[in-house]
């Protein structure tokens, strides 16, 4: 693939702070490439097909429950695929394989961090969430607390997480499309924004889920084929693959062993990944699309299986790229970075999986993988937009502004207007932030989810003593401390703002901000002697019975 | 849920059994996962050479690779174990509780 030149680290569109931090943010300009027709044709087929699905879904989406949760009619297996799809973003595909390509074993360490949150979500969160909630995680957090303050907090942190993610995905999409399709940055960003709004506006959760499922299947098939082809070149002997990779890589045997890491940063990162996943609004809302607790459990089981399998594939793909792409004629370029000449893969390490697709499957397969990478971004931003829209319409409009007296038609109208507004905002921000370092926003999204959403959600389900005052103060403490510690940490303070040393030494603040959130939630709850606090504690028993048995839980709608 | 149903469920010994079984299994498995993961993280932080050692003398593959793959598999197996228990035994118990509460 000679079309790819330019210096870019795609990792910034990564779902994950680490990857973004590890390989640097998007740097400088990406040169627009020659038009890649294979990729464009396959992408057009994908868009046409998903628009067909959106049309089909639109005819089935009438009530609020259809719009937010696909009427609760998604099966555990389908939802497992959709959740896996949310997780297998273009970033984890390109970013993790790039990381394995650069550092070998360390790439596997990150994959593991992303995966191990899932079992814990299953054991402690999934079914309780399904039994208590209806459309958003704020339903659960505010179950026995005062609606207005708790939902205002939940909607604020949801919108923060969604905004950070959307910007990162939009900018990443623009750069990726420029590189893969040869389209201009601004037209790419506008196209992503419009398609995202179409899926959500017309097809609601049903279309959003099916787009995600289709993409997940395509990505799993494509990655499986690549891993199979890589292994077939070494006679299906992993040992042979590692030997060849060690011989080809500049770091030699070091790629087989873990690199240096600061213990506090590693553990903090582990916590952000594990608990951040359990606090991401667009992941949590997927638990409301299944009919009951049983299907919710199955979703996590299948999701864990698919994600784990996918990470093993990306590990093989990364090593395959070292073997088959690194230093091969026509795959390398020399660019100037910060005044130094760097010999690198064309388009940077993040293109490792894309080059490998070309090496093992030719131009057609390269086009397929490029189209899938773009489809992945579309599916993820659609989920984000829907989650932001439900925070505004269900939490802010219906519960806070209308005090629960909004009629369903108005609530849907508000969420549709919000979707359009979010689409416009996403396009504008995507254009404004084109040249910005966006890595820290992704880091923020995960840290906020882990430090603000997760502690409140967890305590509302497990601790009788939680009161409105504790939840709101503790949640905001988590939110603010996560943002502040990232800003004064090495990523923003030194790398972006160019100060000589960071005020806070760690890249990953989660261990501190999560602790702060838990401690202040506890403190402001136990010292809350108000009458309403007493009532809130008294309501815990009924909530507990419902969370365990599902009695009174919102079921699937009839159709 | 009205007061009557709530009282019935709470006083049902089967509910206590369900709560006990589900909660303890959930926490036990969570702890297993946390121990596996943070154990791995601590080895990485304090003794990375353990994972970087060759699997057998003369081999390129290091101990860390099968260990990493096994952790991924363990996550899948633990979720499988829980789902099997919960969708079978616990749901059966749950159905009985719900039926008895609505009598």
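Placed from the backbone N, Cα and C atoms, the Cβ positions cover glycine too.
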Message = Suppose you had to name the range TrEMBL annotates as transmembrane segment; which of A:395-413, A:414-432 would you pick?
response = A:414-432
Ask   = Which stretch does TrEMBL mark as transmembrane segment, out of A:510-527, A:528-545?
value = A:510-527
Task = Out of A:336-364, A:365-393, let me know the one TrEMBL marks transmembrane segment.
result = A:365-393
Within-chain partners of the transmembrane segment (A:179-202) [C-beta distance under 8 Å, separation at least 6 from its ends] = 3-4, 6, 8, 30, 32-36, 39-40, 43, 47, 50-51, 54-55, 57-58, 61, 170-171, 173, 208, 211, 347, 351, 354, 370, 373-374, 377-378, 381-382, 385-386, 389, 416, 419-420, 422-424, 426-427, 430-431, 434
Inquiry  = Using a cut-off of under 8 Å between C-beta atoms, tell me which stretch among A:107-126, A:267-288, A:365-393, A:414-432 contacts the transmembrane segment (A:300-326) the most.
reply    = A:107-126
Request  = Spell out yes or no: are there three or more C-beta pairs under 8 angstroms between the transmembrane segment (A:365-393) and the transmembrane segment (A:438-459), with each pair 6 or more apart in sequence?
outcome  = no
Stretch contact, the transmembrane segment (A:471-490) with the transmembrane segment (A:414-432), Cβ-Cβ under 8 Å, 3+ pairs = no
Request  = Report, as numbers and ranges, which residues of the same chain sit near the transmembrane segment (A:79-101): CB under 8 Å and 6 or more residues beyond its ends.
outcome  = 10-11, 13-16, 19-20, 22-23, 107-108, 110-111, 114, 169, 172-173, 176, 209, 212-213, 215-217, 219-220, 223, 282-283, 286-287, 289-290, 295-296, 298-303, 305-307, 310-311, 314-315, 317-319, 321-322, 326, 345, 348-354, 356, 373-374, 376-377, 379-380, 383
